[in-house]
Amino acid sequence: MAAPRDSQSTRSPEPMAAVAASAAGAGTRAPAALALRVVAECGRSKARACELRLPHGTVATPVFMPVGTQGTMKGVTAAQLDSLGCTICLGNTYHLGMRPGPELIQKAGGLHGFMNWNQNLLTDSGGFQMVSLLALSEVTEEGVRFRSPYDGTEILLSPEKSVEIQNALGSDIMMQLDDVVSSTLTGSRVEEAMHRSIRWLDRCISANRRPDRQNLFAIIQGGLDPVLRSKCLEEMTKRDVPGFAIGGLSGGESKEQFWKMVTLSTDRLPREKPRYLMGVGYATDLVVCVALGCDMFDCVFPTRTARFGSALVPTGNLQLKKKQFAKDFRPIDEACTCPTCQRHTRAFLHALLHSNNTTALHHVTVHNIAYQLQLMDAIRTSIVEHRFPDFVRDFMKTMYGELRRCPAWAMEALESVGIPLN
Amino acid sequence: MKLSLFKVAQGCRLGTLNNLGRKGDRTMEFPGCLLYTRTGSAPHLTHDTLRVISRVPVMTQLTLSSLAEHCEVLEEYKEGIGKFIGMPESMFYCSLHDPVNPCPAGYVTNKSVSVWGVGGRLEMTAAKFMSVQQALQPDWFQCLSDGEALCGEVFSTKRARKSVDRSLAFLDECLKLQEQSEVLRNCVMIGVIEGGDTLEERLRSARETAKRPVGGFLLDGFHGDAMTKETRLQLISSVTAELPEDKPRLICGIGQPDEVLECIEAGVDLFESFFPYQVTERGCALSFSFDYQPNPEDTVLQQNGEKEEGEIGDHIDKVTTTKRVPETSFEINLKEKKRRRDSDSS
């Protein structure tokens, strides 16, 4: 994919004409709504630092995308997210598609207008939520049939319907509807789901009414079977999509199997298109998967764990409700620049967490999001400055006390891409 | 502290309090209100989200009930409650109780008053009370007082008399302790007017409290349903008539806009701002014009509404109370279906 002419980041809601002209070639297809520029590569591992230009601005990768449910980051406003330096976050198609519904969202100016968020949004297809939240869902070639918990009506979420909802939401990146199966499942169901996901990808591509403004990403399936996954990669990379997600992982599978599927996927995905690893958010996992060549990540973990009073730090996490923090007058993290750490001590947060004032949870949520964003920033800078392998070693030392205490799977994964830890 | 009274019109006082705060350089206008907090934080709001609101009150209300259990932590912290809660720029008034969560009656003795924190009941003797204030270092604090004048649901003159006696005794004891502490001498003690619904006791409380070197007065016990509106306002007017002009008058437990206006007419200067929190908790948004016209019909509707709810509402939601939502004419219920498609911002 051709690089944009100017290297300064712009925040324009218009499709990038310069990119469109060069990417569209002979004018046979719609102008592109996405452009990836590789700024730096690690040289040893598969890590790379890029600039991802999207309709609502440029995103620096590797990037962690905070997850919002029902149109807001629980406890955090769009303005707060903006001031934390977030340039892309997730909107939830399932919840928003059902309540308040696509017509209403469109009336409100799309999801951007509804959330009052001016930067990039990525929406999921709605499929994953449904399968995991609803017991009564049935998958057929048509789509996923389920019962709405809000008013009991039966709904069919087809590839077409999913894209219709996401078109109404107006997200910058949309995900195809895929046939999701648990990563711990084996057998013919996994193969069936993989093939169906390819067919549904084609249906989603056809159904996208706004390819010039909304990017449809494919989701690579195939479970933990290298043969199936390779087949899926082979087929899906034949399709002209602006980006690829690596799906079907971050479920209950072992980390050994997990990293092998990630690296197999990145080996077979095109260099010039972004790689989005879905559902990964633990710090160690982020660092390793960047080394394996992934650019984009999302996970509910940081925001979810915040709501239990758990604050993320370079050495792991602090369970702030515990007695040991009652008289600890330090901020959560001395080096953190987030509003919570600038103004509040662990002792105060501890006291507040034991009250019924929800503000405590908001403080920790803000910090955890900041932690993730600052981590990705540090990763990216180290890649750009050609010292990513050293960064990885320092990170692991801080997290695990000493390098040899780093989990075995992570050591193997890093070793496989030229970053030995001993 | 210096109070400048610009104008008095129809009982309402307009003015400023000057030379407030540690450095004596802060000012507060009255009539005015204090920022309501729970465990030292505005409910649900961080510094950044609070800042979005223009004209946040310059003085913040803390409640002893939510902070007393953290006394030991604060003593070790040494730098006062303002810095501890991340509001070093604010001034603080510490009330005894939380206006939103009424505490159970029957826990006041001649020697102590109990407050209710998250961890349970805390007994405050005058000595313990003053040591907590020493750790908090607020700008103003409500003196330890006996706010109970009811015997069951009704006022009792005997109980009211006792509440006045006890509160004066606590006041004298606390003033003595204040004298002995360098830290506390920088704080302003607010004397508490008690007396239930008995005019005689109210006047006695006002006159006696006014004799002591307090910096201001809190009119206690005028909230709730035990008193009629007429009685309440008559008593408040009578009380404020006995109080010196040059000291601020606070009232607790009054938050609804119409009630606030009535109390201003009766000579009150400063109010708590817990009402927005209560409205929020029932899923409603404040929405009213400042064109105040008392609507007798609304009051009747509210009273009758409680009966209707009992029939229809029971099987819908057993968790909420049988009170009508919206509860006052100052709010709209955001959960109502008609709000679903409401794209207006006002």
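Every residue gets a Cβ built from N, Cα and C, even glycine.
Because the structure is a prediction, the values reported are computed rather than measured.
According to TrEMBL, the feature region 'Disordered' maps to residues A:1-20, out of the candidate ranges A:1-20, A:41-60, A:381-400. Looking at the stretches A:148-152, A:183-187, A:303-307, A:343-347, the one that TrEMBL records under the feature region 'RNA binding' is A:303-307. It is A:279-285, from the ranges A:125-131, A:279-285, A:412-418, that TrEMBL records as region 'RNA binding'. Taken residue by residue with DSSP, A:ASP298 (active site, nucleophile) is part of a strand.
Note on proximity: among A:ASP298, A:CYS336, A:CYS341, the recorded positions of the record, the Cα nearest A:GLY127 (substrate binding site) is that of A:ASP298. Listed in chain order, the extra residues whose Cβ falls within 8 Å of the Cβ center of the Zn(2+) site residues A:CYS336, A:CYS338, A:CYS341, A:HIS367 are A:PRO331, A:ILE332, A:ASP333, A:THR337, A:PRO339, A:THR340, A:GLN342, A:VAL366, A:ALA370, A:TYR371.
Look at the region 'RNA binding' (A:279-285): DSSP puts its residues at 3 helix, 0 strand, 4 coil. Ranked by CA distance from A:CYS341 (Zn(2+) binding site), the recorded positions A:ASP124, A:SER125, A:GLY126, A:PHE128, A:GLY248 have A:ASP124 at the top as the closest. Sequence-distant contacts of the region 'RNA binding' (A:279-285), counting only residues of its own chain at least 6 positions beyond either end whose CB sits under 8 Å from a CB of the stretch, comprise 64, 249-251, 294, 297-302, 312, 314, 372, 375, 395-396, 399, 406-407, 410. In the structure shown, across all protein chains, A:GLY248 is the one of the binding-site residues A:GLY127, A:GLY248 with the greatest number of other Cβ atoms within 10 Å.
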